[in-house]
Amino acid sequence: MPRRTDLHHVLVIGSGPIVIGQACEFDYSGTQACRVLRAEGLQVSLVNSNPATIMTDPEFADHTYVEPITPAFVERVIAQQAERGNKIDALLATLGGQTALNTAVALYESGVLEKYGVELIGADFDAIQRGEDRQRFKDIVAKAGGESARSRVCFTMAEVRETVAELGLPVVVRPSFTMGGLGSGIAYSTDEVDRMAGAGLAASPSANVLIEESIYGWKEFELELMRDGHDNVVVVCSIENVDPMGVHTGDSVTVAPAMTLTDREYQRMRDLGIAILREVGVDTGGCNIQFAVNPRDGRLIVIEMNPRVSRSSALASKATGFPIAKIAAKLAIGYTLDEIVNDITGETPACFEPTLDYVVVKAPRFAFEKFPGADPTLTTTMKSVGEAMSLGRNFVEALGKVMRSLETTRAGFWTAPDPDGGIEEALTRLRTPAEGRLYDIELALRLGATVERVAEASGVDPWFIAQINELVNLRNELVAAPVLNAELLRRAKHSGLSDHQIASLRPELAGEAGVRSLRVRLGIHPVYKTVDTCAAEFEAQTPYHYSSYELDPAAETEVAPQTERPKVLILGSGPNRIGQGIEFDYSCVHAATTLSQAGFETVMVNCNPETVSTDYDTADRLYFEPLTFEDVLEVYHAEMESGSGGPGVAGVIVQLGGQTPLGLAHRLADAGVPIVGTPPEAIDLAEDRGAFGDLLSAAGLPAPKYGTATTFAQARRIAEEIGYPVLVRPSYVLGGRGMEIVYDEETLQGYITRATQLSPEHPVLVDRFLEDAVEIDVDALCDGAEVYIGGIMEHIEEAGIHSGDSACALPPVTLGRSDIEKVRKATEAIAHGIGVVGLLNVQYALKDDVLYVLEANPRASRTVPFVSKATAVPLAKACARIMLGATIAQLRAEGLLAVTGDGAHAARNAPIAVKEAVLPFHRFRRADGAAIDSLLGPEMKSTGEVMGIDRDFGSAFAKSQTAAYGSLPAQGTVFVSVANRDKRSLVFPVKRLADLGFRVLATEGTAEMLRRNGIPCDDVRKHFEPAQPGRPTMSAVDAIRAGEVNMVINTPYGNSGPRIDGYEIRSAAVAGNIPCITTVQGASAAVQGIEAGIRGDIGVRSLQELHRVIGGVER
């Protein structure tokens, strides 16, 4: 059946900002879909609020709307296209995660799709409802001959209590229509039931929750299926969770294909999955079904289904080489599976199910260290911020590779000291699921626990425990062997052990370098295998490789020779984490595509299954490998061999993937690997405070006073000389890890005690903290001679809030022409002083007309995608070309950069773009169930970002808030409680809110000051003050929890009562999903946003249209 001829214009909805539970896997799927639809001659409109995505680059759609993903904004897009005589025929919402699906459902139910004649494709409304609505899905499972957990959908707390009495405790609480398990959990007591179900009823857009029997401890499996309009169904992949039920699948280590299912169990699961898919009615696309198996009696139940492309779909795509999103998009426009050719083989159709001759392991990356006080227990609510994936010829090889891919402080077994305690302590820790469980499993086995005892304590299947036990046995052999011979070393490498791990067991080999030289001497190198979807039955056309150490010394590598073009290796950024996310992947993808077009063979090395960079057709070759020195060096050697007799490897790019590749630059250069762009010595110069300070002094550029300390006494002396407040931090960090603003000696002592353990080989830096300064961020290019300013951003929050968490505006809103010229001159001096070839990011603080240099990073920054979208200049592409020898003058002549001028001075008619950070506070709870503090500081906490772009600052800021957190209130009550130093600055914004008709609530001191300034307000007492006669009966926290407050303005100060009170206020706001503003500047911006919303003139415009207005570079 050829594609439908009645479809001409398709609207694709993306997934918005990166949040826990919904990450860049949807950029990967959306990018594939847009490419496919346009290749089929269809017109594509795209709505996505996330500027860091590849899919929002103007070349992927005809009309790219970087707008909030809400029903109201999407309706404006549909209406605008209809008004222009360019009617949208269909809406594809199955590739943008839960956000897109919920938006599509709302548009259908409100009649918008019917009004404009837009058809839902991929999955129709009924299929979405049947798959997502818990009760309807349960009925379908029964009809298909399957079984669900005993459960009931409840709409009120009374129904919840009645159901719990019937099922008995513990129970699982699950809201409908949410993603990443948000609001779900296992309740062991009636108090926990009340708390979770109450929160669940609030979290679910349909205001109902499912209460089900607990199947905690059962084995969990997933099937990834696809179905076409002719009822052909393929099972793309089976996935097994190593962690048992009770841990969200996104937080579990997972394996593909499933390892512990019998053939009979698998066939039963497969038959049931296909029957459910048909009953639900997903007739043109992909879906994911989760199952649980009772390990004691084999009882199989169906947990849930996602009638859309999901996180697991991205994993299954990368694991098998079967491009699920791409095929889903083709199925949605009418093709059948037998008509679609498998890209990887070039000859088999998509109705051939993938076959794997390797094992894939995915492991989650957490960030609990960023949220002090958060409960680290793993539950049914997802908490991981990223993931890594690896491929190997056996389970333990893939496991070893994925553990070192995570880049945590422990790079695999035996690379860090064991925790205190013996077997019993390890087994006790295993009973509560937490990050790093694999280490406790290995430790318990090594200390003598049996496989059965460890399986009983952890709930992990004995097969996986036995595999880790084999590693423990191998460790004993490695330690005991008199000499490490070729056979034993080869077995160790075949079992996934790194040189670093082997070196930790054999001290006489003098570290990792000693193991490497022994390996080289014995001729032990990895071979590179190919992901081909068919277990080598057909030849692969796409070079997608993974390494393996074969036991047979004669095993051959599958990397084909390529001698025509010079090669460039691009090192990706590894698993997403706070501080290093999709923004860096964006730059890597741009480098791959632009250098390929410029005549280079591009080679991508990365291990993140969610990203566009690890798509098999982004670079000319892909290596799915850990980003460690050992693994990258082996890839380099493989590429040198494959290019032997040709131009060879021109160099390795380390400055686009964030701190991970930068950290490898020196060791790679020392090993003879050519690094292109800014040399490693220059990177060091920018990181070394002494050398960088000298550079600034020579250029006459002021910087905040600072000192370097290795002891508390030194830090105290420096702080006294500089004057409090001071900013303290370890050196060499990304995302402000371990940074704090310290107001007194007592807090300083506490910090030094904690932070010096964080990076023992580097001292602590103590800087003067510039209060009330305006922070400025600059992205620039330098070719060694000329400097091109990409964009100058003004932060909305004051200096002291991490740049990744601060909202910022481009072009700057309050900076004058002379300020901008100061910034330009300083940036030029720094670029030349460091010796930058490529991108440079500099952060400044402007205070009392003095421009202070805070830091400079000679690499791609996380703002590069935002600046590129806002200015229409592809900075990452330009950077890649400059690193490989192009000049800025040459790129101007080619039209890649503006012919004259640069991004320092925006055109008069340029729109204002606002970037806002998206923070995951609502995902975390303290152990007692309380919310964690939403206070911002110098340590980065955001997981993603959105962009609002419009004619004026107020409208752009309002859009950014709507996209990140939901609309700012247009009326209602605002609660104000601020530190004394902020009271004067807040008079004007609060007065404006009162004039707009808002009721103002305030605590006693703030209320008194507001009334003195003619602002009517009502008093509430502070949370820690007791209720007394003559005082307000309601506290601020009571008012927020009672739903009487629509917005909170709360600025904190110090560590005493007000600080604690502030924590309670902000936590209550987070729990109630109420806008909570913690800075004066944020309050002023919010007022402008509210005014823009009340005026009602916030429209939508595509990037293509905006870029024409800017007069930007059209590509």
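For all residues, glycine too, the Cβ spot is worked out from N, Cα and C.
Annotated ATP 1 binding site per Swiss-Prot: Arg134, Arg174, Gly180, Gly181, Glu213, Ile215, Glu220, Gly246, Val247, His248, Gln290, Glu304, in sequence order. Around Glu213 (ATP 1 binding site), the same-chain residues at least 6 positions away in sequence with a Cβ under 8 Å from its Cβ are Ala149, Arg150, Ser151, Leu167, Gly168, Val171, Val172. According to DSSP, Glu213 (ATP 1 binding site) is assigned to a strand segment.
Residues annotated as Mg(2+) 1 binding site in Swiss-Prot: Gln290, Glu304. Around Glu304 (Mg(2+) 1 binding site), the C-beta neighbours below 8 angstroms that are at least 6 residues distant in the chain are Arg134, Phe137, Ile289, Gln290.
The Mn(2+) 1 binding site annotation in Swiss-Prot covers Gln290, Glu304.
The Mg(2+) 2 binding site annotation in Swiss-Prot covers Glu304, Asn306.
When secondary structure is read from DSSP and collapsed to three states, Asn306 (Mg(2+) 2 binding site) falls in the strand class. Other Cβ atoms within 10 Å of the Cβ of Asn306 (Mg(2+) 2 binding site), summed over all protein chains shown, number 24. The Mn(2+) 2 binding site annotation in Swiss-Prot covers Glu304, Asn306.
Secondary structure from DSSP puts Gln843 (ATP 2 binding site) in a beta strand. What Swiss-Prot records for Arg729, Arg768, Leu770, Glu775, Gly800, Ile801, His802, Ser803, Gln843, Glu855 is ATP 2 binding site.
Gln843 (ATP 2 binding site): 19 other CB atoms within 10 A of its CB, across all protein chains. Annotation source Swiss-Prot lists Mg(2+) 3 binding site at Gln843, Glu855.
Among the features that Swiss-Prot reports, Mn(2+) 3 binding site is placed at Gln843, Glu855.
Applying an 8 A CB threshold to same-chain residues 6+ apart, the list for Glu855 (Mg(2+) 3 binding site) reads Ala686, Val842, Gln843. Positions annotated as Mn(2+) 4 binding site by Swiss-Prot, on the basis of sequence analysis: Glu855, Asn857.
Residues annotated as Mg(2+) 4 binding site in Swiss-Prot: Glu855, Asn857. In this structure, Asn857 (Mn(2+) 4 binding site) is part of a beta strand by DSSP.
Residues annotated as domain 'ATP-grasp 1' in Swiss-Prot, with sequence analysis given as evidence: 138-333.
Annotated domain 'ATP-grasp 2' per Swiss-Prot: 693-884, in sequence order, evidence recorded as sequence analysis.
Residues annotated as domain 'MGS-like' in Swiss-Prot: 966-1113.
Averaged across the region 'Carboxyphosphate synthetic domain' (1-407), pLDDT in this predicted model comes to 90. According to Swiss-Prot, the feature region 'Carboxyphosphate synthetic domain' maps to 1-407.
Taken from Swiss-Prot, the feature region 'Oligomerization domain' applies to 408-559, supported by sequence analysis.
Annotation comment: Swiss-Prot describes 560-965 as region 'Carbamoyl phosphate synthetic domain'.
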Inter-residue Cα distance where the pair is Leu770 (ATP 2 binding site) and Val247 (ATP 1 binding site), in Å: 44
CB contacts for Asn857 (Mn(2+) 4 binding site) [other CB atoms within 10 A, all chains]: 22
Rounded inter-Cα distance in Å - Leu770 (ATP 2 binding site), Asn857 (Mn(2+) 4 binding site): 20
Site of maximum Cβ density within 10 Å, from binding-site residues Val247, Leu770: Val247
Around the Cβ of His802 (ATP 2 binding site), the count of other Cβ atoms that are within 10 Å: 22
Candidates Asn306, Arg729, His802, Asn857 (binding-site residues) - the one closest to Glu220 (ATP 1 binding site) by CA: Asn306
Where Arg134 (ATP 1 binding site) falls in three-state DSSP terms: helix
Neighbour tally for Gln290 (ATP 1 binding site), based on other Cβ positions within 10 Å of its Cβ: 21
Between His802 (ATP 2 binding site) and Asn857 (Mn(2+) 4 binding site): CA-CA distance (Å): 15
Residue counts (helix, strand, coil, in that order) that DSSP gives for the region 'Allosteric domain' (966-1115): 70 helix, 19 strand, 61 coil
